[in-house]
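S.K.: I'd like to ask some things about the structure below.
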Amino acid sequence: MDSVDTGFIPIFVYAIFGSSRQLAIGPVALVSLLVSNVLGGMDLSDELYTELAILLAFMVGIMECIMAFLRLGWLIRFISHSVISGFTTASAIVIALSQAKYFLGYDVVRSSKIVPLIKSIISGAHKFSWPPFVMGSCILAVLLVMKHLGKSRKQFRFLRPAGPLTAVVLGTVFVKIFHPSSISLVGDIPQGLPSFSIPKKFEYAKSLIPTAMLITGVAILESVGIAKALAAKNGYELDSSQELFGLGLANILGSFFSAYPSTGSFSRSAVNNDSGAKTGLAGIVAGTIMGCSLLFLTPLFEYIPQCGLAAIVISAVMGLVDYDEAIFLWHIDKKDFVLWIITSATTLFLGIEIGVLVGVGVSLAFVIHESANPHIAVPGRLPGTTVYRNIQQYPEAYTYNGIVIVRVDAPIYFANISFIKDRLREYEADVDKSARHGPEVERIHFLILEMSPITYIDSSAVQALKDLHQEYKSRDIEICIANPNQDVLLTLTKAGIVELIGKEWYFVRVHDAVQVCLQHVQSLNQTPKNSDSFAEDKPSFFQRLSKQREEDLSIAELESGDKKTSVPRFTEPHLEPLLSRKS
């Protein structure tokens with residue numbers, strides 16, 4: 001079992017069954033580190049270590065295929081970009097430190113935590129050897145220079161993918177000429193294609209399930225993310241289920257040929273795309289070249305210095321340290337920045353598995369908090385229009401005395417209904433009369449719920465609406481419903497809320513509800529004393545309605561392109577409810 005076998009059979013399988021035309025799969029640093037850290041901490045013999053790594057590939061493949069058949073790829077969406085970035089950054093640092101032993105010339109403890117690695121590096125400092133350090137540093141410098149030139153100069157773009165090959169050639173030539181005894185080499189690699197064998201040691205499968213799930217999640221995130229980006233760039237649609245099935249089958253069949261878990265590689269996929277790959281045939285060509293290398297070129301790999309390979313790994317993971325993302329998150333969203341810090345810190349100090357779990361847990365906690373405490377707005381009418389917008393966002397918008405308009409910008413369900421009820425009571429009690437129009441009244445008579453953003457309402461919310469209706473009814477407050485969607489309206493009808501509130505209180509527009517409520521407020525406010533003073537100081541109710549009608553007509557005429565002014569009629573506008581009273 002080695003990365004060469006992992007980069008052979010899975011390539012052919014994915015090229016046939018995968019949906020991406022540019023994705024290159026095989027061994028990747030992050031998955032390799034996960035496998036190494038989990039199995040390395042179990043104190044296993046080399047043979048058992050190999051068998052369990054192959055078993056992991058089989059288990060990961062099974063999980064990916066199950067997710068494909070059940071179309072469960074959406075579960076991965078709960079892992080936010082901040083978690084991925086923080087996890088990747090911390091993992092890159094751990095990977096780089098784990099390669100330090102090939103630069104320093106002495107063994108370093110195998111761990112996924114930064115503290116044991118640093119302690120081991122410091123405690124073994126007396127064993128430091130200069131030759132591998134100098135050689136590894138020189139190769140790393142060459143790689144970084146070639147990468148920089150390939151990124152910054154278009155004419156030198158070929159240097160970037162050629163960097164690892166150059167490093168291997170330089171290191172191998174140096175070793176062949178000078179034969180340094182203090183530099184460790186890769187050693188003998190078995191020649192020939194991998195042989196068929198069935199995964200064994202299934203008695204360890206139960207203990208490997210958490211690791212397999214973690215590797216599956218990371219693999220899917222990396223592969224599907226890269227594949228979707230490449231599909232969008234090249235103008236074709238990606239089938240996520242087929243993608244999962246292709247990855248799963250590649251891992252399952254790969255495990256029968258001594259491969260450990262494989263997934264999509266960002267760097268190799270980028271090279272594939274830059275090289276002009278348009279179909280899965282590119283993967284078959286790459287697999288054929290890999291097969292020829294296994295058959296004829298493995299003797300050349302024997303003299304590759306391990307410090308050269310370590311330099312290639314360090315060069316690759318340096319690009320994964322995403323500190324720019326942390327700076328960006330700090331300026332854009334402090335919550336995502338905190339999530340990035342938590343994930344990277346726990347991954348560094350507590351290990352990769354705990355880091356991912358904590359990151360996902362905190363991310364889900366943020367999602368639940370946002371869902372349980374949704375944004376609620378109080379819309380007001382924009383002057384000269386029939387449009388109602390959030391008064392916090394549009395200070396010029398005004399509301400009406402005796403009427404509270406509330407818009408809940410989220411589905412209503414058991415987790416947020418208590419919060420919504422509390423906010424409704426707050427809005428009822430906290431009445432700001434400075435920006436209110438309409439008849440002067442002492443209290444709230446109508447609550448208008450704008451339901452256009454509400455996509456779903458559950459049974460708990462239905463019961464809460466019934467309780468609210470009874471509570472408001474006892475205080476002579478009427479609930480009005482404006483613009484519910486079809487599914488929400490159907491739920492309200494089945495639950496009896498429509499009949500309970502009354503079909504006459506359901507409206508297509510908020511403006512329609514407001515106009516009807518204003519008529520009722522006016523009628524409630526018309527006592528003989530108040531009527532006289534109102535007539536002296538303010539226009540009549542019908543005059544104000546006529547003026548609003550003129551505003552509505554003038555706006556409609558401007559929108560339609562008809563600039564002719566129509567003669568306003570001194571009549572009450574027809575305000576049709578959403579539901580007919582006779583239906």
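A Cβ is built for glycine as well, from the same backbone N, Cα and C atoms used for every other residue.
Where the annotation comes from TrEMBL, it is an automatic prediction and has not been curated.
For 560-575, the entry in TrEMBL reads compositional bias 'Basic and acidic residues'. Among the features that TrEMBL reports, domain 'STAS' is placed at 393-517. Positions annotated as region 'Disordered' by TrEMBL: 554-583. According to TrEMBL, the transmembrane segment annotation covers 12-36, 48-70, 82-104, 128-146, 158-178, 208-231, 243-260, 280-301, 308-332, 338-368.
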S.K.: Where, among 12-36, 82-104, 158-178, 208-231, 243-260, do we find the most CB pairs under 8 A to the transmembrane segment (280-301)?
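M.R.: The stretch I would name here is 12-36.
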S.K.: For the transmembrane segment (208-231), could you work out the same-chain residues 6 or more beyond its ends whose Cβ comes under 8 Å from its Cβ atoms?
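M.R.: Beyond its ends, the transmembrane segment (208-231) has Cβ neighbours at 19-23, 25, 28, 30-31, 34-35, 38, 52, 55-56, 59-60, 63-64, 67, 73, 76, 79, 84, 237-238, 240, 243-244, 247, 261-266, 269, 273, 352-353, 356.
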S.K.: Short question: most Cβ pairs under 8 Å with the transmembrane segment (243-260), which of 12-36, 48-70, 82-104, 158-178, 308-332?
M.R.: 48-70
S.K.: Mind checking which residues reach the transmembrane segment (48-70)? Cβ under 8 Å, same chain, six or more beyond either end.
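M.R.: Residues packing against the transmembrane segment (48-70) from afar: 1, 6, 35, 39-40, 42, 199-202, 204-205, 208-209, 211-213, 215-216, 219-220, 241-245, 247-255, 258-262.
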